[in-house]
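Working notes for the structure below.
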């Protein structure tokens, strides 16, 4: 497994690391970002920060040289989802996601909405099973499959709809690469360097384990954002991944 770059011709970094920004204050988020190098990672903006600070936060990060994964997990009727995905592309994000459970028509509409953007379109991925969910959580929703089985079913639907890949747990990555092929991108949260606390994630792996499993992009949050020296932490993670590769 080697580092994979964005499909965009203007890729900033070849690191597979995506740092999750989870801040309540814009100034603190930007102060953290100013400590790290866009050559060492990409950045993920989720629902809370986007709701608080809007598209301008994404522009602020882009102006600092970072690729941005807009993690809003769109899940709505096909037309609404398509418009939202197109708006994300207009914003110039590197990656955007939808919920695979929204179904084939919704995912196909999202895919088609990106066609006018050509090579400048963001990667479009789908969320399968949230990494916080266990078998009992799925059973509560009437799903009798295990998280791995349900994730694979949704991943297959995602590929059939022509999306670029899925969000999945690292434990599913090995099989997904075998089943769906190397070109189908796997984005994995719940990645934590050895010695880090699990937090609210239930299915976790170290960066080295994730790379070996076939993960293309690994989302890492607090182990980097709460580090006393986040720039060095990122360099250490990337160095360990290069050794693993």
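The backbone N, Cα and C atoms fix where each Cβ goes, glycine too.
As annotated by Swiss-Prot, active site, proton donor applies to 73, with the evidence given as sequence analysis. The annotation substrate binding site is assigned in Swiss-Prot to 22, 44, 71-80, 131, 192, 201, 221-222 on the grounds of sequence analysis.
The structure, with features from Swiss-Prot marked on it.
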| residue | record | DSSP class |
| --- | --- | --- |
| 22 | substrate binding site | coil |
| 72 | substrate binding site | strand |
| 78 | substrate binding site | helix |
| 131 | substrate binding site | coil |
| 221 | substrate binding site | coil |
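Ranked by Cβ neighbours within 10 A across all protein chains shown, the recorded positions 73, 78, 131, 221 are led by 131.
If you take the C-beta of residue 72 (substrate binding site) and look for same-chain residues 6 or more apart in sequence within under 8 angstroms, you find 46, 47, 50, 84, 88, 96, 97.
Under a cutoff of 8 A between CB atoms, and with a sequence separation of 6+ in the same chain, the neighbours of residue 22 (substrate binding site) are 46, 48, 49, 221, 222, 225. A gap of 14 Å separates the Cα atoms of residue 131 (substrate binding site) and residue 73 (active site, proton donor). Contacts of residue 75 (substrate binding site) defined by a Cβ separation under 8 A and a same-chain sequence distance of 6+ are given as 81, 98, 99, 101, 102, 106, in order along the sequence.
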